[in-house]
Amino acid sequence: MKKLFLLFSLSLFLACNTSAEKETKTNQTTETEKAQDSVGNFGIVIHGGAGTILKENMSDSLENAYKAKLEEAVRTGHEILANGGTAIEAVQRTINIMENSPLFNAGKGAVFTNEGKNELDASIMDGQTLNAGAVSGVTTVKNPINLAWEVMENSEHVMLSGKGAEQFARERDLEIVDPEYFYTENRFKSLERLKERNSEKTELDHDGKTAFVDPFIKDSKFGTVGCAALDKNGNLAAGTSTGGMTNKKWGRIGDAPIIGAGTYANNKTAAISATGWGEFFIRGVVAYDISALMEYKKMSLAEAAKEVIQNKNPDLGGSGGIIAIDHQGNVSMEFNTAGMYRAKMNKSGELEIGIYSKL
Ligand code: ASP
């Protein structure tokens, strides 16, 4: 009887082992197939913010300026990828182009806080290692995305803020500028206009009619910049940089520097960068939600992005959009606002630039 039991246990052990081995092999095959799928393929997609961007409010010269800067940025990243550079490098350098332009709400063109300052946020994530870096509330770092990269690569942390982040930037020899560098007349006027309209809104609030809903935020443009890229080795990366929202107070931080909300990248799924009303993107964990729908529900990037941006985000009361690229090079540029500055380029060098809901 004892012998029989031993024999039975042995065969059970062998059977389990073989099936576990098979399962590991299948998993390995799927991972290898996925990696092979994308080897040699590459692509890049960017945004320069979403919001109430209407053709009737845009002059031809401004529209051309936006298109030219989007093209310069996307081509910069594309060239890096075409020459065998990494997705992370492409994301960082592409974002630098937009950060250095006064057209976008990031770096040079950052919006003003209620106190008339510029407080910048940024984050970057590597889809191969799931390593990430983020900074918030910096006021003297010319290119916050570079500081986010330094946090990822050269510190044991993921997120640094304010004075400490700036000290780290100096220690890493990043370019430091006088806060004056971020002054642009346009953005300052926007702050003044918003303050004026908000004083009218306060009266409405006393009526109890508009409590909790700021009609002027809903009607805003969000000029954050972001980039997602797939490199020739099948690695994904994403990054986002912003000045946040005009008239922000109390050290407010939006979704852009929050890994999982404004930025997320995972080689298993996609690289994603968001723009929009940050509070709702944080509450909806938007970038990670898209990745999770792909990973656990096996949705395609297009299906996942549509579900989150066209259903979940507006249902919560938010607005905005995302750009994303998956491990096969499929791209999504999904938004629920009137427009989103955006551009993409694939392996063959096909370029698409868009501003309004129709390209
Ligand atoms: N998402 C950014 C924030 O809430 C704003 C933007 O997209 O422009 O800070």
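Keep in mind that glycine also has a Cβ here, set from the backbone N, Cα and C atoms.
Record features, source TrEMBL:
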type	residues	note
ACT_SITE	THR224	active site, nucleophile
BINDING	ARG252, ILE253, GLY254, ASP255, THR275, GLY276, TRP277, GLY278	substrate binding site
SIGNAL	1-20	signal peptide
Pairwise Cα distance maximum in Å, substrate-binding residues per record: ARG252, ILE253, GLY254, ASP255, THR275, GLY276, TRP277, GLY278:
16
Separation of alpha carbons, the residue listed as 'active site, nucleophile' and GLY278 (substrate binding site) (Å):
10
Checking the binding-site residues ARG252, ILE253, THR275: which ones have Cβ within under 6 Å of ligand 1?
THR275
Between the Cα atoms of THR275 (substrate binding site) and THR224 (active site, nucleophile), find the distance and write it as a whole number of Å.
6
Neighbour tally for ASP255 (substrate binding site), based on other Cβ positions within 10 Å of its Cβ:
32
Assigned conformation of GLY276 (substrate binding site) - DSSP reduced to three states:
strand
Quick one: Cα separation, THR224 (active site, nucleophile) versus GLY276 (substrate binding site), in Å?
8
Over all shown protein chains, what is the count of other CB atoms within 10 A of the CB belonging to THR224 (active site, nucleophile)?
34
